[in-house]
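Participant: The structure is given below, and queries will be raised subsequently.
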Amino acid sequence: MANLLLPRGTSSFRRFTRESLAAIEKRMAEKQARGGSATSQESREGLQEEEAPRPQLDLQASKKLPDLYGNPPRELIGEPLEDLDPFYSTQKTFIVLNKGKTIFRFSATNALYVLSPFHPVRRAAVKILVHSLFSMLIMCTILTNCVFMAQHDPPPWTKYVEYTFTAIYTFESLVKILARGFCLHAFTFLRDPWNWLDFSVIVMAYTTEFVDLGNVSALRTFRVLRALKTISVISGLKTIVGALIQSVKKLADVMVLTVFCLSVFALIGLQLFMGNLRHKCVRNFTELNGTNGSVEADGLVWNSLDVYLNDPANYLLKNGTTDVLLCGNSSDAGTCPEGYRCLKAGENPDHGYTSFDSFAWAFLALFRLMTQDCWERLYQQTLRSAGKIYMIFFMLVIFLGSFYLVNLILAVVAMAYEEQNQATIAETEEKEKRFQEAMEMLKKEHEALTIRGVDTVSRSSLEMSPLAPVTNHERKSKRRKRLSSGTEDGGDDRLPKSDSEDGPRALNQLSLTHGLSRTSMRPRSSRGSIFTFRRRDQGSEADFADDENSTAGESESHRTSLLVPWPLRHPSAQGQPGPGASAPGYVLNGKRNSTVDCNGVVSLLGAGDAEATSPGSYLLRPMVLDRPPDTTTPSEEPGGPQMLTPQAPCADGFEEPGARQRALSAVSVLTSALEELEESHRKCPPCWNRFAQHYLIWECCPLWMSIKQKVKFVVMDPFADLTITMCIVLNTLFMALEHYNMTAEFEEMLQVGNLVFTGIFTAEMTFKIIALDPYYYFQQGWNIFDSIIVILSLMELGLSRMGNLSVLRSFRLLRVFKLAKSWPTLNTLIKIIGNSVGALGNLTLVLAIIVFIFAVVGMQLFGKNYSELRHRISDSGLLPRWHMMDFFHAFLIIFRILCGEWIETMWDCMEVSGQSLCLLVFLLVMVIGNLVVLNLFLALLLSSFSADNLTAPDEDGEMNNLQLALARIQRGLRFVKRTTWDFCCGILRRRPKKPAALATHSQLPSCITAPRSPPPPEVEKVPPARKETRFEEDKRPGQGTPGDSEPVCVPIAVAESDTEDQEEDEENSLGTEEESSKQESQVVSGGHEPYQEPRAWSQVSETTSSEAGASTSQADWQQEQKTEPQAPGCGETPEDSYSEGSTADMTNTADLLEQIPDLGEDVKDPEDCFTEGCVRRCPCCMVDTTQSPGKVWWRLRKTCYRIVEHSWFETFIIFMILLSSGALAFEDIYLEERKTIKVLLEYADKMFTYVFVLEMLLKWVAYGFKKYFTNAWCWLDFLIVDVSLVSLVANTLGFAEMGPIKSLRTLRALRPLRALSRFEGMRVVVNALVGAIPSIMNVLLVCLIFWLIFSIMGVNLFAGKFGRCINQTEGDLPLNYTIVNNKSECESFNVTGELYWTKVKVNFDNVGAGYLALLQVATFKGWMDIMYAAVDSRGYEEQPQWEDNLYMYIYFVVFIIFGSFFTLNLFIGVIIDNFNQQKKKLGGQDIFMTEEQKKYYNAMKKLGSKKPQKPIPRPLNKYQGFIFDIVTKQAFDVTIMFLICLNMVTMMVETDDQSPEKVNILAKINLLFVAIFTGECIVKMAALRHYYFTNSWNIFDFVVVILSIVGTVLSDIIQKYFFSPTLFRVIRLARIGRILRLIRGAKGIRTLLFALMMSLPALFNIGLLLFLVMFIYSIFGMANFAYVKWEAGIDDMFNFQTFANSMLCLFQITTSAGWDGLLSPILNTGPPYCDPNLPNSNGSRGNCGSPAVGILFFTTYIIISFLIVVNMYIAIILENFSVATEESTEPLSEDDFDMFYEIWEKFDPEATQFIEYLALSDFADALSEPLRIAKPNQISLINMDLPMVSGDRIHCMDILFAFTKRVLGESGEMDALKIQMEEKFMAANPSKISYEPITTTLRRKHEEVSATVIQRAFRRHLLQRSVKHASFLFRQQAGGSGLSDEDAPEREGLIAYMMNGNFSRRSAPLSSSSISSTSFPPSYDSVTRATSDNLPVRASDYSRSEDLADFPPSPDRDRESIV
């Protein structure tokens, strides 16, 4: 490979010539020859093992050439060059570079068979193609084309423009085809998928032009795809589209599951509601006799009943709407008023598109429910026509369908994004690794050169450096980041404070002095260094980098210290280095460690550590360097600015060819890494530099300098910041005070205020510029921001005289963002949004392209239809508001779909343009735009989100000026308080000594370590109200404010013994005064710190309102003495033991709750009644329990304690809570009519109150006040009981009707809250919520700030413009503006009293009203009316005109993007992160496990929970056994499943208006299925006998079959009184769950279902909490809104009159659906909308609402339910999805273990937990992957060394462990886990204990092999002996007498005996065949075969028996076995 590595620099660019092509062909031939010779298997395998060569990432086509290669010479730009990538050395390719150094790769084969790479035409085409102007031209053409396409009614001449565009696109494609070739080879035209798009666009253009294809506008729509060409032109967009396509691929499983679930729900809906929505209230009629069925009504006659029923004039309309009133015939459905009857008539609602009449419409309705679009309308229609009970169906669909499935889509998209991010990070790390290796090589070579004494000193000149600049945009963003984190202190030195990674970092002339030594180059550990090394978190910018040419790495900033390579010699003519040859130096790009000015002078920080900043440290590892707080700043450096003097080896050092070649090869590896240098080292132009020095840094004369110093002292003081912050808040308040109908004085005051604030901010800017100099002032982002706002404010002042420029006034609102400077959360959130918007730059572009394309498609396809058929959808004859006639309106419709509202506009579209096309377009926009792209937005938002920043944003120890100022104020106040107190005490007591002692005390440092002594009583009993422990007087060292004494650190959360506290105590208990003063003087003289109270306890005590909390008894103190460490000394104060000047340390509420002692603790005796403070003040509280009265009291307390602690008591109280809550539900509008119930409830109420008061008293006595009132849950009980008690007393005294008492009674609705503490599940959720409250409140506040800007803007734009004049007789529509122009005209025309000037109820008349309007817009409920009013508004108090102010839509679009998409989704982010944090706190185990360990742990966890089950025994009867075999086969299950699905299909075919024949056929098919399923049931029962009922699925099937049979027989009766029994068949679909396990391909769906199963327990808890919230709110609603007028969303069925109706309403608005409709009637305050004097049944008057209560009620409910509870639901699903995905990616899943045991049952039918060793091989083969070990598997199984017990049996756990280990791989961690799991298994299954293993499979194999070897040796020995003896005998017989004297070899023994016996009986010679039969002993194979032939013999027996088998005593056998 070495010869392929190209040299760096311009020498690497070689023209592509014919010789080059020949060389490539030669290399290809060589490669082929090599490939042909290496044919053997081994070499092929070896090649596979080697890493196949891959193309270099940084040399890919369309990437920028890496900087390492330098700038190509001008003459080579646009010319064919040899390919730089070694990968292509054996492929016919060449590259071309353009001016921007972008790489274009071409095929070197002939284009179009004719044009070779050297053909002039092709060369010209290539030159044109790579030129940047060419792509610019195409880009401009596309954009211009888009503008023309967006015209809805183009003039005739545009046709010629169209031809021009087509010509340009044709030219572009022609150039590409000529340059690249058409399609045969790589890199040709059609090999790029983006070119397919171009090609199809051109083909379509010509087709439509020359061929008449009918509907031209439809084909013209294809032109819009040209907009997609922008993606192919801008390379950055390609990555995004890649991510989108990836996420769509990942969505496949979710889509399948979604379609399946929706189909099931649609089927259920079809069965339940088919035809219901056509039931309407029809006017009564009479049928006329004697005619042909004609009917009469109201004196009119209709020809037939059908005609009458289809006449819309006969239907009753819903109040105030054009909707028909639906009704139903069931008891709880909607009813019709007098004169109407409920009949099935006419078409379905919403143009006939909302129905459950066929499967398709039902599916659409369910999809609409899932996306929650306008679902409240469907919900109300269905409940009205079918009955309220079906709310359950909607709950299931909303919670399982909508929340679960939609959020699964989010989870999958987020995960796809995350994976892509991880891949990018991995790729970058790979480059990093290669870079490190290259560094090592270079370092070694450099050391070698240094040792040889080569002169490596050289000058560096930047002009020769090839490092190209990074984009301006990136540099700016980095500067912004730096400045926002920097300090404002400019310092006096003349150096700008820029990091070395930012700003202009030109190294002009770096003096390079001494050579590099070894020591300077050794890598340093970061421990002793002034820098702390850390890896920067990987951001999300990599994937979505904004720069079009950026690679993934450019946006990673963890590569900041890199080696800048030296260029090699340019080969000059003489071969000597040219005069210009030089090398750039090595730059240490540390973060925050050096400053560089414009001239390139670099000063290093922290000069004390020479080694860290030594010139040689350019080879430091690439890390981000952080400066710890104690690093000195440049102005403090003793040595002043230093020069950076790096060392660079000269090129001459590489004169030897070997060294040079090595360096070359090393450098060539660096390509990818060096491309990612942080920034260019470009020098500022000297003229700018001089300009900055002269004009932007003002240091003219000493007088000016002193003025400047003084101004700086004032401006930089923390108090100045505090003042400015207060001004910002005040200014915001002033802006928020603007409202409609202001008085002149008020308006004037606001104007003066504005002038004042503008003056203040201008002055601040001016002073800061004076103090800092403009040069330094504008280095800070905040200052630039301030200056822009000030300039805009001044412009507004100047222009305000000219006219109403309220837009400029809106810019003042940006001042609110200045709060971010001192409000960390706001800062964090702005950063999050900034990061997302930055990362989303490209995604936004893609979304814009999608919106544009769909808007144009909609306009082209449907525009004409909207204008021609407008009468179908609009009564007024005007165009409807939502149409596609022009581009702007089409864009609005697409945007509305992205907001999730698609169904209503789709109905309109379907009405004018036909169903199929509209469905296709709208659902495409919905799925692509809303579900995928917007979820990608959300995924990005969540990924750039970190709750650490939100919950504890200021942990970096740097205090901002605001905190410093507040700390200073606090200190001042404390000083004033103390001196005042001392003064008063001195006068009162006349005790002069005390202050003196005190002074000594106060001067002591508060951090002296003191031995702990028991606290003096006074110190211990400081009342919490007086504690100052949360505040702190001083900061850390080095952060002191001016005028401080030496820094002192004060521990926080410690009961400090401040003097005033002690003296207050002395006042109260004079008896202990002497003792106290002694102890105090002891503390002072001994230098001891007062007793430190335990932190957690003091926190609890501070939060309670009693004075009790802080005390601890002597025993407690001794206990703490043992456990608590000593108070830390000053030097080692722990981080959390002092608060950095902050106003207060926030207590974590969740921790607090956990620290509150639970009442249910098992303590033997009650605690003290009172706190010790109370006892000291009132000695009478102290009772002596040893004496008589006290003894009785103590006994009483113990008895009470026993009662309260008893479990029955708690159960009784829970029962009473539930009863009392239930009683509240009966107090509805009808209570007055039901006298008995009313009386009963009154008595019950009293009884409950008594019970709860008694419970409270019992607990007081049992627990004592101290314990009772330090428990938050007890406080809750106490307050709720108080409410009941007060209302009871008021009733008794007759004050029940008083207003305050009435409103207090409604607080009884809080009773159910008492159940919270009693139910564990709910308590867990509440604790989690309470933990999240601080961050939720933070986000809520930030949202309010964000919204405040939009609200104020809304007030500026729309205040007073939402009014209109209406005529009451004509409904709520405004009159035409030509009739009534404004409010005064309306009032003057109002002669009849029927004209009213009214406002839209929700408006922008003030900031509060604006907030409500924005909430409706953000939740997309009621936003239409607000937008219509805004768009129609003309002027102040003027009559609106249709779409007069059209572009006001843009205000709402912008608000929806920032106010809704971002801010509302931040809630999800906060909640998810809180969950993760709490998990970290609780689940510590995971954090300390390696990934490997976790993998084993999870596998073992699953493993331990299983054990073998006894299978159902096979019947003995032959026929039963046969059936049993069939029934237990998997195929049988699959067949039945298939039949179930078929049954579902037949059910889907049903429709409401089907013909009688169809009904008949379906009934027969249904009977057939009933018969089949009955047959299945009978067959299974026959096979399985009584075991059939041991499986719950079988019982379920049995019930369904019985119901089906009963349903078929009694169908008429059942359908009349119940619902259709076919419904049960739908439930059968649940059986699909069983099949999913068997289908390996369904793994993804199994994961999703598994995630749901994991979520269920948590979701149940959240559901309970949600129910509780709904219950409480419904009680409140009944109390406040029962008599509100029926209009908008409130009617006879959905109202707050009864508990059930309230619950219907609240369930609906849980998803925020339709809350605007419910709120609307409550906002009515008087005529003409409601009547305040209407009498009600309970004695109250009026049907008006109370707006304040209503708004509070609905907004709090929406925030609690929609934003918190529902988002918790989402968080849990996301969390569990990621867990389930992790589980599914693990090698072994739960299913694998299930399958193992299922197969085990077949091998171990008795469930003994053992199988025979001989069956092991078959068992291993029978398993499914990944546990399966396919045959032949003997060797693998033997190697596992499985333990065997007697009887050659192996335990299932041993096998499972071994197989698991095989899958997961060897690991040391396995053994410990195995032991742990075995213990667990032993406990669960005692059967294994009695069997001790006697051998293992491996040892058994060893024994068998040993036995075989011994046997063979012995046989060989025997054979030799027998051969000898045989030959002797042969000779004896054949040889005659001469041999008779010969002795026999063996005279005795087995062989002699047998042979002699044989030969004595037989004299005939043996045949040759018998000789060969036993010549050789059995082979090794036969032994192993015998083993496998199921012989149940043990090893020891085995060897013996084989020996004997060879020599049986039978004579016949002997005869056969011997020669």
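Glycine too: its Cβ is placed from the backbone N, Cα and C atoms.
From Swiss-Prot, here are the annotated features:
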type	residues	note
COMPBIAS	1057-1074	compositional bias 'Acidic residues'
CARBOHYD	Asn215	N-linked glycosylation site
CARBOHYD	Asn284	N-linked glycosylation site
CARBOHYD	Asn289	N-linked glycosylation site
CARBOHYD	Asn292	N-linked glycosylation site
CARBOHYD	Asn319	N-linked glycosylation site
CARBOHYD	Asn329	N-linked glycosylation site
CARBOHYD	Asn741	N-linked glycosylation site
CARBOHYD	Asn804	N-linked glycosylation site
CARBOHYD	Asn865	N-linked glycosylation site
CARBOHYD	Asn1367	N-linked glycosylation site
CARBOHYD	Asn1376	N-linked glycosylation site
CARBOHYD	Asn1382	N-linked glycosylation site
MOD_RES	Arg527	dimethylated arginine
REGION	1841-1903	region 'Interaction with FGF13'
TOPO_DOM	181-189	topological domain 'Cytoplasmic'
TOPO_DOM	211-217	topological domain 'Extracellular'
TOPO_DOM	415-720	topological domain 'Cytoplasmic'
TOPO_DOM	771-776	topological domain 'Cytoplasmic'
TOPO_DOM	823-839	topological domain 'Cytoplasmic'
TOPO_DOM	862-887	topological domain 'Extracellular'
TOPO_DOM	1228-1238	topological domain 'Extracellular'
TOPO_DOM	1294-1299	topological domain 'Extracellular'
TOPO_DOM	1358-1402	topological domain 'Extracellular'
TOPO_DOM	1473-1530	topological domain 'Cytoplasmic'
TOPO_DOM	1583-1591	topological domain 'Cytoplasmic'
TOPO_DOM	1717-1747	topological domain 'Extracellular'
Participant: Could you give the residue numbers and ranges of same-chain residues that sit at least 6 residues beyond the topological domain 'Extracellular' (1717-1747) on either side and whose C-beta is under 8 angstroms from one of its C-beta atoms?
Facilitator: 376, 1229-1233, 1368, 1396, 1398, 1401-1402, 1422, 1680-1681, 1683-1690, 1694, 1705, 1709, 1754
Participant: Around the Cβ of Asn865 (N-linked glycosylation site), how many other Cβ atoms lie within 10 Å? Please give the count over every shown protein chain.
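Facilitator: A count of 20.
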Participant: Using a 10 Å radius around each Cβ and all protein chains in view, which of these glycosylation sites has the most neighbours: Asn329, Asn1367?
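Facilitator: Of Asn329, Asn1367, the one with the most crowded Cβ is Asn1367.
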Participant: If you measure Asn1382 (N-linked glycosylation site) to Asn284 (N-linked glycosylation site) at Cα, how many Å is it?
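Facilitator: That comes out at 45 Å between the alpha carbons.
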Participant: Please report the distance from the Cα of Asn319 (N-linked glycosylation site) to the Cα of Asn1367 (N-linked glycosylation site), rounded to the nearest angstrom.
Facilitator: 17
Participant: Please tell me which one of the glycosylation sites listed here (Asn329, Asn741, Asn865, Asn1367, Asn1376) sits closest to Asn289 (N-linked glycosylation site), measuring Cα to Cα?
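Facilitator: Ranked by Cα distance from Asn289 (N-linked glycosylation site), first place goes to Asn329.
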Participant: Measuring CA to CA, name the entry from the glycosylation sites Asn292, Asn741, Asn865 that ends up nearest Asn1376 (N-linked glycosylation site).
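Facilitator: In terms of Cα distance, Asn1376 (N-linked glycosylation site) lies closest to Asn741.
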Participant: Of all the glycosylation sites given, namely Asn284, Asn865, Asn1367, which is spatially nearest to Asn741 (N-linked glycosylation site) at the Cα level?
Facilitator: Asn1367
Participant: Enumerate same-chain residues with a sequence separation of six or more from Asn292 (N-linked glycosylation site) and a Cβ-Cβ distance below 8 A; give 'none' if the list is empty.
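Facilitator: Those within reach of Asn292 (N-linked glycosylation site), by Cβ under 8 Å and sequence separation of 6 or more, are Asn303, Ser304.
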Participant: Give me the Cα-Cα distance between Asn284 (N-linked glycosylation site) and Asn865 (N-linked glycosylation site), rounded to a whole Å.
Facilitator: 39
Participant: Roughly how many Å lie between the Cα atoms of Asn329 (N-linked glycosylation site) and Asn865 (N-linked glycosylation site), rounded to a whole value?
Facilitator: 40
Participant: Using Cα coordinates, what distance in whole Å links Asn1367 (N-linked glycosylation site) and Asn865 (N-linked glycosylation site)?
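Facilitator: Just about 33 Å between their Cα atoms.
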Participant: If you count the other Cβ atoms within 10 Å of each Cβ, which of the glycosylation sites Asn289, Asn1376 comes out on top?
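Facilitator: That would be Asn1376, with the highest Cβ count within 10 Å.
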Participant: What does the DSSP secondary structure composition of the topological domain 'Extracellular' (1717-1747) look like, as residue counts for helix, strand and coil?
Facilitator: 7 helix, 2 strand, 22 coil
Participant: With helix taken as DSSP H, G or I, strand as E or B and everything else coil, how many residues of the topological domain 'Extracellular' (1294-1299) land in each class?
Facilitator: 1 helix, 0 strand, 5 coil
Participant: Please give the average pLDDT for the topological domain 'Extracellular' (211-217) in this predicted model.
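Facilitator: Per the prediction, mean pLDDT sits at 65 for the topological domain 'Extracellular' (211-217).
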Participant: Determine, from DSSP, whether Asn1382 (N-linked glycosylation site) sits in helix, strand or coil.
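Facilitator: Assignment for Asn1382 (N-linked glycosylation site) reads strand.
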Participant: Grab the same-chain neighbours of the topological domain 'Extracellular' (862-887) for me: Cβ-Cβ under 8 Å, and only residues 6 or more beyond its ends, written as numbers and ranges.
Facilitator: 150-152, 217, 322, 855-856, 893, 896, 904-905, 908-909, 911-913, 917-918, 1428, 1442-1443
Participant: Between the glycosylation sites Asn284, Asn319, Asn741, Asn1382, whose Cβ has more other Cβ atoms within 10 Å than any of the rest?
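Facilitator: Selected residue: Asn1382.
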Participant: What are the helix, strand and coil residue counts for the topological domain 'Cytoplasmic' (1583-1591) according to DSSP?
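Facilitator: Across the topological domain 'Cytoplasmic' (1583-1591), DSSP assigns the residues as follows: 8 helix, 0 strand, 1 coil.
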Participant: Looking only at the topological domain 'Extracellular' (1228-1238), how are its residues distributed among DSSP helix, strand and coil?
Facilitator: 7 helix, 0 strand, 4 coil
Participant: From the DSSP assignment alone, can you count helix, strand and coil residues within the topological domain 'Cytoplasmic' (181-189)?
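Facilitator: Looking at the topological domain 'Cytoplasmic' (181-189) with DSSP, the answer is 1 helix, 0 strand, 8 coil.
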